[in-house]
(Lines of atoms letter the chains of each structure in order from A and count residues from 1; the text may use other names and numbers.)
(Lines give C-alpha, C1' and ligand atoms only; values in the text may rest on other atoms or scores of the structure.)
Protein backbone atom coordinates (compact mmCIF):
# COMPACT_ATOMS: atom_id res chain seq x y z
CA UNK A 1 0.00 0.00 0.00
CA UNK A 2 2.79 2.40 0.89
CA UNK A 3 4.54 1.57 -2.36
CA UNK A 4 1.38 2.23 -4.36
CA UNK A 5 1.03 5.58 -2.66
CA UNK A 6 4.63 6.42 -3.50
CA UNK A 7 4.10 5.42 -7.13
CA UNK A 8 0.96 7.52 -7.39
CA UNK A 9 2.86 10.40 -5.90
CA UNK A 10 2.52 10.25 -2.12
CA UNK A 11 5.06 13.07 -1.97
CA UNK A 12 2.99 15.30 -4.21
CA UNK A 13 -0.11 14.35 -2.19
CA UNK A 14 1.60 15.52 0.98
CA UNK A 15 2.95 18.70 -0.62
CA UNK A 16 -0.53 19.52 -1.89
CA UNK A 17 -2.03 18.82 1.54
CA UNK A 18 0.52 21.12 3.15
CA UNK A 19 -0.17 23.83 0.61
CA UNK A 20 -3.92 23.66 1.21
CA UNK A 21 -3.48 23.82 4.98
CA UNK A 22 -0.76 26.44 5.14
CA UNK A 23 -2.97 29.22 6.47
CA UNK A 24 -2.78 32.87 5.54
CA UNK A 25 -0.30 35.42 6.79
CA UNK A 26 -2.26 37.60 9.19
CA UNK A 27 -1.72 41.29 9.80
CA UNK A 28 -0.51 42.94 12.98
CA UNK A 29 -2.46 42.12 16.13
CA UNK A 30 -3.29 45.27 18.10
CA UNK A 31 -3.14 43.34 21.38
CA UNK A 32 -0.08 41.13 20.88
CA UNK A 33 3.64 41.29 20.23
CA UNK A 34 4.53 38.42 17.87
CA UNK A 35 8.10 37.29 17.21
CA UNK A 36 9.62 34.43 15.20
CA UNK A 37 12.60 33.00 17.08
CA UNK A 38 14.57 29.78 17.51
CA UNK A 39 14.66 27.76 20.73
CA UNK A 40 17.50 25.22 20.63
CA UNK A 41 17.54 25.53 16.80
CA UNK A 42 13.79 24.81 16.65
CA UNK A 43 11.71 27.56 14.97
CA UNK A 44 9.04 29.00 17.30
CA UNK A 45 6.60 31.89 17.25
CA UNK A 46 6.13 33.76 20.52
CA UNK A 47 2.91 35.64 21.29
CA UNK A 48 3.04 38.16 24.15
CA UNK A 49 0.12 40.32 25.30
CA UNK A 50 0.90 44.05 24.98
CA UNK A 51 -1.15 45.06 28.02
CA UNK A 52 0.84 45.60 31.19
CA UNK A 53 0.56 42.82 33.72
CA UNK A 54 0.63 43.01 37.52
CA UNK A 55 2.85 39.98 37.81
CA UNK A 56 4.43 37.37 35.64
CA UNK A 57 2.22 35.66 33.09
CA UNK A 58 1.33 32.08 32.35
CA UNK A 59 3.50 30.45 29.70
CA UNK A 60 1.91 28.05 27.22
CA UNK A 61 3.94 25.86 24.86
CA UNK A 62 1.76 24.88 21.93
CA UNK A 63 2.31 21.93 19.56
CA UNK A 64 0.10 21.97 16.48
CA UNK A 65 -1.83 19.05 15.03
CA UNK A 66 -1.77 17.62 11.52
CA UNK A 67 -0.87 13.95 11.88
CA UNK A 68 2.87 14.77 12.33
CA UNK A 69 2.78 15.37 8.55
CA UNK A 70 0.90 18.65 8.11
CA UNK A 71 0.59 21.92 9.97
CA UNK A 72 2.78 24.96 10.56
CA UNK A 73 3.03 28.10 12.65
CA UNK A 74 0.81 29.87 10.11
CA UNK A 75 -1.87 27.15 10.16
CA UNK A 76 -2.40 27.69 13.89
CA UNK A 77 -1.88 31.45 13.95
CA UNK A 78 -5.53 32.29 14.75
CA UNK A 79 -5.79 29.64 17.46
CA UNK A 80 -2.57 30.77 19.17
CA UNK A 81 -3.51 34.45 18.97
CA UNK A 82 -6.91 33.68 20.46
CA UNK A 83 -5.44 31.67 23.35
CA UNK A 84 -2.79 34.31 24.07
CA UNK A 85 -5.26 37.22 23.97
CA UNK A 86 -8.12 35.60 25.83
CA UNK A 87 -6.08 33.94 28.59
CA UNK A 88 -3.56 36.81 28.75
CA UNK A 89 -0.70 34.33 28.48
CA UNK A 90 2.59 34.11 26.65
CA UNK A 91 2.17 31.43 23.97
CA UNK A 92 5.09 29.69 22.25
CA UNK A 93 4.03 27.86 19.08
CA UNK A 94 6.58 25.21 18.01
CA UNK A 95 7.44 24.33 14.40
CA UNK A 96 8.70 20.78 14.83
CA UNK A 97 10.05 18.76 11.90
CA UNK A 98 7.41 16.87 9.93
CA UNK A 99 7.13 13.28 8.70
CA UNK A 100 7.69 11.47 6.37
CA UNK A 101 10.91 13.45 5.70
CA UNK A 102 11.70 13.40 9.42
CA UNK A 103 10.65 10.24 11.20
CA UNK A 104 10.04 9.59 14.90
CA UNK A 105 11.56 10.76 17.20
CA UNK A 106 12.31 14.02 15.29
CA UNK A 107 9.02 15.80 16.12
CA UNK A 108 9.12 14.62 19.73
CA UNK A 109 12.76 15.73 20.15
CA UNK A 110 12.06 19.17 18.68
CA UNK A 111 9.12 19.69 21.03
CA UNK A 112 11.12 18.49 24.02
CA UNK A 113 14.15 20.64 23.16
CA UNK A 114 12.06 23.77 22.58
CA UNK A 115 10.23 23.18 25.87
CA UNK A 116 13.45 22.69 27.84
CA UNK A 117 14.89 25.87 26.32
CA UNK A 118 11.76 27.80 27.32
CA UNK A 119 11.82 26.37 30.87
CA UNK A 120 15.46 27.48 31.23
CA UNK A 121 14.89 30.98 29.82
CA UNK A 122 11.47 31.99 31.09
CA UNK A 123 12.69 35.17 32.78
CA UNK A 124 13.24 36.73 29.32
CA UNK A 125 9.53 36.39 28.58
CA UNK A 126 8.02 37.61 31.84
CA UNK A 127 6.66 34.14 32.56
CA UNK A 128 5.88 32.69 35.97
CA UNK A 129 7.96 29.48 36.45
CA UNK A 130 5.10 28.00 38.51
CA UNK A 131 2.59 28.36 35.65
CA UNK A 132 3.97 26.71 32.53
CA UNK A 133 1.60 24.56 30.51
CA UNK A 134 2.14 22.26 27.53
CA UNK A 135 -0.73 22.15 25.07
CA UNK A 136 -1.48 20.51 21.74
CA UNK A 137 -4.23 19.15 19.51
CA UNK A 138 -4.32 15.76 17.77
CA UNK A 139 -0.69 14.84 16.92
CA UNK A 140 0.26 17.92 18.97
CA UNK A 141 -1.66 16.44 21.91
CA UNK A 142 0.41 13.28 21.47
CA UNK A 143 3.61 15.36 21.57
CA UNK A 144 2.44 17.37 24.60
CA UNK A 145 1.67 14.16 26.53
CA UNK A 146 5.05 12.67 25.59
CA UNK A 147 6.97 15.82 26.59
CA UNK A 148 5.03 16.03 29.84
CA UNK A 149 5.92 12.42 30.71
CA UNK A 150 9.59 12.94 29.86
CA UNK A 151 9.91 16.01 32.09
CA UNK A 152 8.41 14.25 35.12
CA UNK A 153 11.76 13.35 36.67
CA UNK A 154 13.63 16.58 35.91
CA UNK A 155 14.44 18.26 39.20
CA UNK A 156 16.70 20.81 37.43
CA UNK A 157 13.77 22.44 35.62
CA UNK A 158 10.56 24.16 36.74
CA UNK A 159 7.76 21.61 37.03
CA UNK A 160 4.98 21.87 34.47
CA UNK A 161 1.78 23.29 35.96
CA UNK A 162 -0.57 21.47 33.59
CA UNK A 163 -1.02 19.67 30.29
CA UNK A 164 -3.83 20.46 27.85
CA UNK A 165 -4.58 17.61 25.46
CA UNK A 166 -7.06 18.39 22.68
CA UNK A 167 -8.41 15.19 21.07
CA UNK A 168 -4.96 13.59 21.37
CA UNK A 169 -3.81 10.42 19.59
CA UNK A 170 -2.11 8.40 22.32
CA UNK A 171 -1.70 4.82 21.12
CA UNK A 172 -1.24 2.73 17.97
CA UNK A 173 -1.89 -0.73 19.42
CA UNK A 174 -5.60 -0.86 18.74
CA UNK A 175 -7.33 0.79 15.81
CA UNK A 176 -10.49 -1.14 16.65
CA UNK A 177 -11.64 0.64 19.80
CA UNK A 178 -15.35 1.60 19.70
CA UNK A 179 -14.70 5.16 18.49
CA UNK A 180 -12.63 3.83 15.58
CA UNK A 181 -15.61 1.86 14.31
CA UNK A 182 -18.34 4.35 15.10
CA UNK A 183 -16.51 7.22 13.40
CA UNK A 184 -14.47 5.37 10.78
CA UNK A 185 -15.82 7.55 7.96
CA UNK A 186 -16.27 10.86 9.79
CA UNK A 187 -14.16 13.80 8.54
CA UNK A 188 -11.62 15.21 9.23
CA UNK A 189 -9.87 12.01 10.34
CA UNK A 190 -10.91 8.66 8.86
CA UNK A 191 -9.89 5.44 10.57
CA UNK A 192 -7.47 4.51 7.74
CA UNK A 193 -5.84 7.94 7.88
CA UNK A 194 -5.12 7.57 11.59
CA UNK A 195 -3.06 4.42 10.96
CA UNK A 196 -1.54 5.97 7.83
CA UNK A 197 -0.29 9.04 9.75
CA UNK A 198 1.04 6.95 12.65
CA UNK A 199 3.04 4.80 10.21
CA UNK A 200 4.38 7.81 8.30
CA UNK A 201 5.57 9.30 11.59
CA UNK A 202 7.11 6.02 12.74
CA UNK A 203 8.68 4.71 9.53
CA UNK A 204 8.28 7.35 6.83
CA UNK A 205 6.06 4.97 4.83
CA UNK A 206 2.63 3.39 5.18
CA UNK A 207 3.59 -0.20 4.49
CA UNK A 208 1.54 -2.76 6.43
CA UNK A 209 -1.27 -0.29 6.99
CA UNK A 210 -3.90 -3.00 6.59
CA UNK A 211 -2.21 -5.35 9.06
CA UNK A 212 -1.96 -2.51 11.58
CA UNK A 213 -5.65 -1.71 11.14
CA UNK A 214 -6.46 -5.42 11.58
CA UNK A 215 -4.39 -5.55 14.75
CA UNK A 216 -1.96 -8.24 13.61
CA UNK A 217 1.08 -6.04 14.38
CA UNK A 218 1.19 -6.62 18.16
CA UNK A 219 2.24 -9.93 19.78
CA UNK A 220 -0.50 -11.63 21.88
CA UNK A 221 1.56 -11.43 25.10
CA UNK A 222 1.99 -7.66 24.68
CA UNK A 223 -1.65 -7.20 23.84
CA UNK A 224 -2.40 -8.97 27.11
CA UNK A 225 0.12 -6.87 29.03
CA UNK A 226 -1.38 -3.59 27.79
CA UNK A 227 -4.97 -4.75 28.03
CA UNK A 228 -5.23 -3.19 31.49
CA UNK A 229 -4.82 0.21 29.80
CA UNK A 230 -5.89 -0.20 26.18
CA UNK A 231 -9.23 -1.97 26.15
CA UNK A 232 -12.88 -1.22 25.38
CA UNK A 233 -13.59 -2.48 28.94
CA UNK A 234 -12.17 0.82 30.25
CA UNK A 235 -14.55 2.94 28.19
CA UNK A 236 -17.86 3.96 29.81
CA UNK A 237 -20.83 2.03 28.43
CA UNK A 238 -22.65 5.12 27.20
CA UNK A 239 -19.97 5.55 24.53
CA UNK A 240 -20.68 2.09 23.13
CA UNK A 241 -24.35 2.62 22.36
CA UNK A 242 -23.70 3.53 18.73
CA UNK A 243 -22.98 0.35 16.75
CA UNK A 244 -19.89 -1.45 17.93
CA UNK A 245 -19.27 -4.93 16.60
CA UNK A 246 -16.83 -7.28 18.31
CA UNK A 247 -13.97 -8.22 16.00
CA UNK A 248 -12.67 -11.66 15.37
CA UNK A 249 -9.07 -11.69 16.55
CA UNK A 250 -6.52 -11.66 13.72
CA UNK A 251 -3.34 -13.69 13.62
CA UNK A 252 -0.15 -12.04 14.77
CA UNK A 253 2.39 -11.43 11.98
CA UNK A 254 5.90 -11.29 13.39
CA UNK A 255 7.52 -9.51 10.43
CA UNK A 256 5.02 -6.66 10.66
CA UNK A 257 5.80 -6.30 14.38
CA UNK A 258 9.50 -6.08 13.49
CA UNK A 259 8.80 -2.90 11.54
CA UNK A 260 6.48 -1.25 14.10
CA UNK A 261 7.72 -2.43 17.50
CA UNK A 262 8.53 1.15 18.53
CA UNK A 263 4.76 1.69 18.77
CA UNK A 264 5.28 0.28 22.27
CA UNK A 265 7.47 3.22 23.32
CA UNK A 266 5.66 5.73 25.56
CA UNK A 267 7.37 8.66 23.77
CA UNK A 268 5.41 7.58 20.71
CA UNK A 269 2.34 6.15 22.47
CA UNK A 270 2.00 7.96 25.82
CA UNK A 271 -0.94 5.78 26.91
CA UNK A 272 1.61 2.99 27.51
CA UNK A 273 3.64 4.84 30.15
CA UNK A 274 4.09 3.03 33.46
CA UNK A 275 2.00 4.05 36.49
CA UNK A 276 5.12 5.37 38.24
CA UNK A 277 5.37 8.07 35.53
CA UNK A 278 1.63 8.74 35.19
CA UNK A 279 1.34 9.35 38.96
CA UNK A 280 3.73 12.29 38.70
CA UNK A 281 2.01 14.06 35.81
CA UNK A 282 0.66 17.58 36.28
CA UNK A 283 -3.00 18.52 36.43
CA UNK A 284 -4.57 17.74 33.07
CA UNK A 285 -7.24 19.04 30.75
CA UNK A 286 -8.56 16.63 28.11
CA UNK A 287 -10.94 17.60 25.34
CA UNK A 288 -12.70 14.85 23.39
CA UNK A 289 -15.22 14.91 20.55
CA UNK A 290 -18.03 12.39 20.12
CA UNK A 291 -17.54 12.08 16.36
CA UNK A 292 -13.82 11.38 16.40
CA UNK A 293 -11.87 8.14 15.93
CA UNK A 294 -9.46 9.37 18.64
CA UNK A 295 -12.21 9.90 21.22
CA UNK A 296 -11.39 6.68 23.08
CA UNK A 297 -7.66 7.46 23.27
CA UNK A 298 -8.65 10.54 25.29
CA UNK A 299 -11.12 8.60 27.44
CA UNK A 300 -8.56 5.86 28.20
CA UNK A 301 -5.90 8.39 29.20
CA UNK A 302 -8.40 10.26 31.35
CA UNK A 303 -9.06 7.01 33.24
CA UNK A 304 -5.35 6.29 33.62
CA UNK A 305 -4.69 9.75 35.01
CA UNK A 306 -7.62 9.56 37.43
CA UNK A 307 -6.67 6.04 38.55
CA UNK A 308 -3.25 7.45 39.40
CA UNK A 309 -4.55 10.39 41.41
CA UNK A 310 -3.97 13.10 38.79
CA UNK A 311 -6.60 15.81 38.66
CA UNK A 312 -8.39 15.86 35.31
CA UNK A 313 -10.75 18.43 33.82
CA UNK A 314 -12.61 16.74 30.96
CA UNK A 315 -14.56 18.59 28.31
CA UNK A 316 -16.56 16.50 25.83
CA UNK A 317 -18.06 18.04 22.71
CA UNK A 318 -21.16 15.95 22.03
CA UNK A 319 -21.48 17.57 18.61
CA UNK A 320 -17.74 17.85 17.92
CA UNK A 321 -15.59 16.13 15.31
CA UNK A 322 -11.84 15.70 14.97
CA UNK A 323 -9.99 18.90 14.06
CA UNK A 324 -12.81 21.24 15.03
CA UNK A 325 -10.53 23.53 17.07
CA UNK A 326 -8.14 24.09 14.17
CA UNK A 327 -11.12 25.23 12.08
CA UNK A 328 -11.73 28.12 14.47
CA UNK A 329 -12.37 31.18 12.26
CA UNK A 330 -10.80 29.30 9.32
CA UNK A 331 -11.50 30.94 5.92
CA UNK A 332 -14.79 32.26 7.27
CA UNK A 333 -15.77 28.82 8.60
CA UNK A 334 -16.63 28.56 12.22
CA UNK A 335 -18.43 25.92 14.19
CA UNK A 336 -20.13 26.89 17.45
CA UNK A 337 -18.77 23.67 19.01
CA UNK A 338 -15.23 24.69 18.06
CA UNK A 339 -15.63 28.05 19.78
CA UNK A 340 -17.09 26.31 22.87
CA UNK A 341 -14.14 23.94 22.91
CA UNK A 342 -11.61 26.74 22.58
CA UNK A 343 -13.32 28.75 25.31
CA UNK A 344 -13.31 25.73 27.63
CA UNK A 345 -9.52 25.57 27.15
CA UNK A 346 -9.13 29.31 27.81
CA UNK A 347 -11.28 29.02 30.97
CA UNK A 348 -9.17 26.14 32.23
CA UNK A 349 -5.96 28.10 31.59
CA UNK A 350 -7.35 31.13 33.43
CA UNK A 351 -8.06 28.93 36.46
CA UNK A 352 -4.34 28.07 36.81
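Here the Cβ of each residue, glycine as well, is placed from N, Cα and C on the backbone.
For 60-207 (among others), the entry in TrEMBL reads domain 'Alpha/beta hydrolase fold-3'.
What TrEMBL records for 138 (among others) is active site.
Annotation source TrEMBL lists domain 'Alpha/beta hydrolase fold-3' at 251-325 (among others). In the domain 'Alpha/beta hydrolase fold-3' (251-325), the DSSP tally of helix, strand and coil residues is 31 helix, 19 strand, 25 coil.
Among the features that TrEMBL reports, active site is placed at 292 (among others). Cβ contacts within 10 Å of residue 292 (active site), excluding its own Cβ and spanning all protein chains shown: 27.
Residues annotated as active site in TrEMBL: 322 (among others). Listed in sequence order, 138, 167, 183, 186, 187, 188, 189, 289, 291, 292, 293, 294 are the same-chain residues six or more apart from residue 322 (active site) with CB atoms under 8 A from its CB.
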All-chain count of other Cβ atoms within 10 Å of residue 138 (active site): 30
